[in-house]
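To start, the structure itself, in structure tokens.
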């Protein structure tokens with residue numbers, strides 16, 4: 001008698017298991033790596049991505065590209081996630097981390113197909129990653145924080161390495177200095193929010209400037225604004241969340257009036273309430289008034305008569321940065337404008353930049369904050385410049401917190417590859433093969449750098465292996481001369497943290513994908529959305 005089949009999952013559920021499914025997941029990850037492979041390094045290409053709404057983005061940043069790709073494959077999404085985590089944690093190395101994870105999987109694919117147990121692979125990978133991280137820590141060069149000149153030089157070199165693969169690599173010296181200046185202005189916490197980046201179209205890239213303080217675009221202003229002064233020395237600043245304009249009553253207000261005098265009294269009361277607020281602000285001694293809500297024409301003219309400057313509808317993040325820079329606090333009422341809640345700065349002025357007017361607060365006593373004003377042509381170009389600067393800022397922050405650096409340009413990967421290959425020869429069994437595969441996978445970084453620059457990768461990798469075997473541990477790819485060079489002396493430096501993070505994240509992702517032995521897809525997730533129903537009225541649906 002046949003046993004009754006047990007139906008556990010809903011009809012239409014797609015489940016795949018075993019080795020074919022694991023191989024399929026590995027292949028999906030390699031497809032993701034193919035998407036960003038050519039963007040690696042100073043000779044990397046850029047991608048032009050157009051989203052569903054027709055917005056075009058040109059980018060060289062691995063994390064940005066993967067975010068914009070609408071990836072649906074569950075295993076491939078893991079690689080997108082590690083690129084995002086690398087971007088959030090370190091800022092740079094997003095393409096490297098994706099390539100490494102895909103290459104680790106590619107190297108173990110033959111072993112998986114032959115039926116090697118995934119746990120053996122995972123154990124070997126964890127061992128290899130631990131050895132590699134310890135080796136990086138051992139050979140990384142520490143820069144003394146006490147020596148400010150030396151530290152600054154190190155930070156600029158790290159920023160230049162991060163910028164050399166971006167669109168703005170021609171101006172990397174200019175921007176590296178700007179980024180280091182910006183990060184140096186911050187306090188010990190090094191908060192990223194304290195660096196504002198504002199984009200102004202027009203002008204050349206070299207016209208970009210760093211403002212030691214807060215700067216934001218002039219807000220919409222009413223009549224009477226022209227009469228306000230545009231520059232103050234040591235002004236007090238009131239930060240408000242109060243509406244200073246006459247408006248029709250909200251919430252269906254109803255008033256019954258019997259005489260003209262009653263109506264006049266109501267109108268007078270409205271004016272008096274507004275003038276009372278304005279008088280209190282004037283009495284507080286504040287010279288610059290910023291509000292998140294609108295400041296109307298009556299208030300604008302009132303302030304202009306008293307030599308005060310006002311700006312309404314200031315974006316919340318700009319208001320908060322001003323508060324953190326100039327002190328004071330954002331008030332929701334004007335009844336308690338005591339000196340403690342007012343901020344102050346050394347100079348406030350409004351100046352013209354390109355076609356826009358900007359408000360500048362400089363000499364802020366409280367926090368260390370700054371604003372980078374970017375100039376440039378096309379909008380996409382400026383957005384990519386902003387992303388590039390974000391990467392460089394993150395790198396400099398990391399380098400300040402962890403003051404050790406390694407050589408980039410594939411040098412550290414080649415050294416780790418040699419070290420792990422030597423180590424694998426000292427151990428017997430399957431682990432030897434797997435750690436050897438891990439070591440071979442590390443060579444993808446210098447190989448891809450050569451491929452992207454159009455060099456003969458095999459030839460250069462042979463030279464690198466020979467040089468590393470002789471003890472030249474900082475030798476990497478020399479992009480400018482199609483050769484190998486001591487990248488530490490060529491100042492291609494990266495914070496050791498970037499490499500440690502990339503290796504651990506890539507290894508974890510590879511282990512995660514190898515450890516999946518079954519994929520179950522619920523039918524509901526693959527059903528097409530229902531077609532829109534026929535419209536009513538004139539535009540009736542037609543059926544052919």
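Quick reminder: no glycine exception, Cβ is built from N, Cα and C everywhere.
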> Looking at Swiss-Prot, which of 153, 198, 250 is flagged as N6-acetyllysine?
Replying inline: 250
> Which one of 43, 152, 387, 536 shows up in Swiss-Prot with the note omega-N-methylarginine?
Replying inline: 536
> What range among 501-522, 523-544 does Swiss-Prot describe as region 'Disordered'?
Replying inline: 523-544
>> Suppose a student reads Swiss-Prot and sees 41, 93, 94, 95, 96, 164, 165, 494, 499 listed for ADP. Which of 376, 377, 409 should they find annotated at that same site?
In response: 409
> How far is it from residue 67 (N6-acetyllysine) to residue 409 (ATP binding site), counting Cα to Cα, in Å?
Replying inline: 25
> Expressed to the nearest Å, what is the distance separating residue 398 (ATP binding site) and residue 320 (N6-acetyllysine) at their Cα atoms?
Replying inline: 25
> Of all the binding-site residues given, 92, 494, which has the fewest Cβ neighbours within 10 Å once its own Cβ is left out?
Replying inline: 494
> Cβ distance under 8 Å to residue 94 (ADP binding site), same chain, sequence separation 6 or more: which residues?
Replying inline: 61, 62, 63, 66, 83, 86, 87
> How many neighbouring Cβ atoms, not counting its own, are there within 10 Å of the Cβ of residue 67 (N6-acetyllysine)?
Replying inline: 18
